[in-house]
Amino acid sequence: MLQLLLAVFIGGGTGSVARWLLSMRFNPLHQAIPLGTLAANLIGAFIIGMGFAWFSRMTNIDPVWKVLITTGFCGGLTTFSTFSAEVVFLLQEGRFGWALLNVFVNLLGSFAMTALAFWLFSASTAH
């Protein structure tokens, strides 16, 4: 149990630092769409799709690695709370179109990235 807790801790911290770096680098590039948050959510969605595909095929992977990558790293990297706050800020500024676009791109993009990764890595591990 301690190993699993440490895996979540290390993965979560690493994912959170990665999200912060993405936000620092990419959020200033666009006034309405926080590109760093979007990148974090899309990358995290892709990684978790890839992980689930691999983990469903390779049953001998240590659960510590599964938890480190999915709950830890992807949990720290992706952020629904920051995304929600950024949408609320756009709404408060009266930027309703940008808020809606932000919701659309984050949600559909994340679903698409997870499905794409799952499909790609399920196909690659099937051979």
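Backbone N, Cα and C define each Cβ position, glycine as well.
According to Swiss-Prot, the feature transmembrane segment maps to 4-24 (among others).
Residues 15, 18-19, 22-27, 29, 61, 66, 69-70, 73-74, 77-79, 82-83, 86, 102, 105-106, 109-122, 125 of the same chain lie 6 or more positions beyond the ends of the transmembrane segment (35-55) yet place their CB under 8 Å from a CB of it. According to Swiss-Prot, the feature transmembrane segment maps to 35-55 (among others), an assignment based on sequence analysis.
The annotation transmembrane segment is assigned in Swiss-Prot to 71-91 (among others). Remote same-chain partners of the transmembrane segment (71-91), defined as residues 6 or more beyond its termini with a Cβ less than 8 Å from a stretch Cβ, comprise 7-19, 23, 32, 34, 37, 40-41, 43-45, 47-48, 51, 98-99, 102-103, 106, 110.
Taken from Swiss-Prot, the feature Na(+) binding site covers GLY75, THR78, and the record attributes it to sequence analysis. Listed in sequence order, the residues of the same chain lying 6 or more apart from THR78 (Na(+) binding site) and placing their CB within less than 8 Å of its CB are GLY15, ARG19, ALA40, ASN41, GLY44, ALA45, ILE48, SER110. DSSP classifies THR78 (Na(+) binding site) as coil under the three-state reduction.
Beyond the transmembrane segment (103-123), the same-chain residues lying 6 or more positions past its ends with a Cβ under 8 Å from any Cβ of the stretch are 33, 37-38, 41-50, 52-54, 56-57, 78, 83, 87. Look at Swiss-Prot and you will find 103-123 (among others) tagged as transmembrane segment.
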